[in-house]
Amino acid sequence: MRVLVAMSGGVDSSVAAARAVEAGHDVIGVHLALHKDAQQTREKARGCCSLEDSADARRICDKLGIPFYVWDFSEEFKEAVIGDFVDSYARGETPNPCLRCNEKIKFAALLRKGMALGFDAVATGHYATIDSDGYMRRSLDENKDQSYVLGVITKEELDHCFFPIGDTPKPQIREEAKRHGFSTAAKPDSYDICFIPDGNTQAFLGRSIGLRPGMIVDTEGNELKEHDGAWNYTIGQRKGLDIKTPTADGSPRYVTDIDAATGTVTVGSRADLAVTHIEADRLKYLHPAMEGDFDCEVQVRAHGSVVPCHAHVDREADRMTLELNEPLSGVARGQAAVLYLPSPDELGDIVLGSGTICGTE
C-alpha cells in the first residue's frame, strides 16, 4: 500500500512513520508548511509547524530511508483555520483551531492531494484506533486519547486513514523512538496555537478584530464595567475580569454569556454556567448509529468530562439536540460536541461523530 505519513516533526509521527515502514508499506513523509513566515521557530513556543519541526521531520525520513517532501498549505490554512478562528471569536464563539486544522487541512486537504497523486492512505501520529469494521475508537491510553480532535473528520476520510501508534502508551513511544535513534525521542509535545507562537491570544485577536467596546453586566442586567471587545472573553472565564464591584456574598464571577452583536458580556456565579441542553449544527458522521434518537455520551472539550445524554440527530436539517443526564459547565458556542458509544468490547469507545455547538440552556 502506498502510504503518505503526515510528519509534524514530533516523536509521535516519527514512530508512526517507522511502523508504517516496518509494516512493509511504500511510505513517503510529508511536512505541512502552514505559515508564510519563515522566521517562525519553536524557540519560545510549543507549536507544531516551525522551521525546526520541518528539519526534524526531514532527519527522521532520512534515517528511515524514505522520501521527504514539504507541501505548502499556507493559503488554505490562513483561510480555513486562522480566518475561521478570528471570525468565530468576532461572533462571540470559542473555537478550537486544532480541530479546524484536522477537519480542513490535515485530513481533507492532505487526503485530496494524496489521493490525486495515487496514494492509498494517510497515516498520522494521533492517539486513536480504527476497528475491524472501519469505525474510530478511543485510544486505550486515556491520558493521550485524541479521538475528540479527530471527531470532526468524515467517514469517507477515515476510510483512507490509519493511526499506527493509536493504542501505545506515550512512554513506550518515546522508548521506541530511542531504539531507532530518532532525534525527536525526547522532544516536548506541542500544545500552543501554532499561529500564535507567543501564546498571547488576546493581543492576536485585538490586532485581527480591533476595538469593539461593550459592557460587562451581571445576570440582572446591572452594568459593571466597560470592555474593549467581547473577543477578550470566553465562557467560563474567571481570571482577568477586573471587576471592582464585589458580589453580595463575595463569590467569584464567571463569564456566562457573550452577545457579540451588542458587545454585552454577562457574568454570573459558577452555578450559572451549568447547562443540560446543547444544540449543534455542522454535523460530521463517523458511524451510521448517529441518526434519529439514541442514548450516547458527549464530550465538549479535549480531555474534558464525558457525560451521558439523549441525542436527537436530524441529518436533513444538519442539526442535533442533546439532553444531558447531568449538568456540564463552561459549554461555549463554537466548541465541538463529539458523541461516543460506550465500548461493547475490550477496545476503546466508539466515535459516532460531532457537531459544532450553536446553543445551550
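Backbone N, Cα and C atoms are what each Cβ position is placed from, and that goes for glycine too.
Going by Swiss-Prot, these are the annotated features:
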- Cys101: active site, nucleophile (ACT_SITE)
- Cys194: active site, cysteine persulfide intermediate (ACT_SITE)
- Ala6, Met7, Ser8, Gly9, Gly10, Val11, Asp12, Ser13, Leu32, Gly125: ATP binding site (BINDING)
- Cys101-Cys194: disulfide bond (DISULFID)
- His126: site 'Interaction with tRNA' (SITE)
- Gln335: site 'Interaction with tRNA' (SITE)
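Where Swiss-Prot records a feature, it is marked here on the structure.
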residue : record                       : Cβ contacts under 8 Å, 6 or more apart
Ala6    : ATP binding site             : Ser13, Val30, Leu32, Lys106, Leu110, Val122, Ala123, Thr124, Gly125
Asp12   : ATP binding site             : Gly125, His126, Tyr127, Ile165, Ile173
Cys101  : active site, nucleophile     : Leu34, Phe77, Ala80, Val81
Gln335  : site 'Interaction with tRNA' : Thr94, Pro95, Asn96, Val300, Arg301, Thr356, Ile357
Recorded positions considered: Ser8, Gly10, Leu32, Cys194; fewest surrounding Cβ atoms within 10 Å belongs to Gly10
Rounded Cα distance in angstrom between Ser8 (ATP binding site) and Cys194 (active site, cysteine persulfide intermediate) is 12
One finds that other Cβ atoms within 10 Å of the Cβ of His126 (site 'Interaction with tRNA') number exactly 26
Rounding to whole Å, the Cα atoms of the residue listed as 'active site, cysteine persulfide intermediate' and Gly10 (ATP binding site) are apart by 14
Largest C-alpha distance in Å for the ATP site residues Ala6, Met7, Ser8, Gly9, Gly10, Val11, Asp12, Ser13, Leu32, Gly125, as a whole number, is 16
Mapped onto three states, the DSSP assignment of Ala6 (ATP binding site) reads strand
